[in-house]
Amino acid sequence: MSNNPRSIIAIVPAAGIGSRMGADKPKQYLMLGQQSILGHTLDTLLAHPDIEQVIVALHPQDNYFNQLPQSQHPKLTQVVGGGERADSVLAALDYAHNYNPGAWALVHDAARPCVTHQDITQLIKSVAIHPQGAILAAPVCDTMKRSDASGLIVHTVDRSLLWHALTPQFFPVSILRTHLSAALAAQVPITDEASAMEWAGVMPGLVNGRMDNIKVTHPDDLQLAALFMSQQ
């Protein structure tokens with residue numbers, strides 16, 4: 001693995017309840033074909049040759065995870081997550097730091113089952129040009145509008161430098177842990193790992209990822225994810 005970190009630990013925050021899906025269980029456990037969304041996500045991460053370990057942060061009352069076949073995989077570790085995504089990531093980073101403080105964290109959304117090995121490998125290799133860390137992202141293609149508080153268009157936003165932030169996001173375990181912990185202590189709104197790094201003054205790299213790496217958020221996304229996976 002030339003120019004790549006020696007130890008890569010994937011982190012999957014999976015403690016959320018996914019209320020926008022309106023389902024009877026957390027969205028990561030909804031079926032996508034023959035197995036759950038989370039099952040597909042974990043299969044991809046566990047099978048990647050550069051990933052040494054996968055840490056899944058779970059809700060303390062999770063009654064579903066141990067029913068997944070992936071829960072018994074020797075590369076997989078469970079930790080108790082927190083109330084927000086960032087809290088779950090930090091809990092996993094604490095474990096990863098104790099395991100190997102020199103490792104790199106590959107943080108990936110549980111509800112992005114369409115991520116490919118090609119994109120993961122491309123992100124890992126980007127360390128050669130982005131030693132501070134990087135994220136998968138996709139350029140904004142739609143026309144972007146800024147509104148006022150009443151919902152009226154104020155102006156059209158220049159999209160030439162706008163990107164959709166995707167996952168995985170890839171940073172050194174110890175550095176991300178330090179910055180994420182400090183940002184949460186300062187009550188900074190953290191929506192992804194890159195935002196914690198940005199708050200600390202780090203400028204993460206952007207790695208162009210596939211547009212089919214969608215996050216399953218609404219019911220219609222399940223059919224779209226199934227279509228994308230059938231074409232990969």
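Yeah, the Cβs are placed from backbone N, Cα and C, and that goes for glycine too.
Taken straight from Swiss-Prot:
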- ARG20: site 'Transition state stabilizer' (SITE)
- LYS27: site 'Transition state stabilizer' (SITE)
- ARG159: site 'Positions MEP for the nucleophilic attack' (SITE)
- LYS215: site 'Positions MEP for the nucleophilic attack' (SITE)
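Feature map: Swiss-Prot annotations on the structure.
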residue	record	Cβ neighbours (10 Å)
LYS27	site 'Transition state stabilizer'	26
ARG159	site 'Positions MEP for the nucleophilic attack'	13
LYS215	site 'Positions MEP for the nucleophilic attack'	16
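Counting only the Cα atoms, the space from LYS27 (site 'Transition state stabilizer') to LYS215 (site 'Positions MEP for the nucleophilic attack') is about 11 angstrom. Geometry remark: ARG159 (site 'Positions MEP for the nucleophilic attack') versus LYS215 (site 'Positions MEP for the nucleophilic attack'), CA distance 21 Å.
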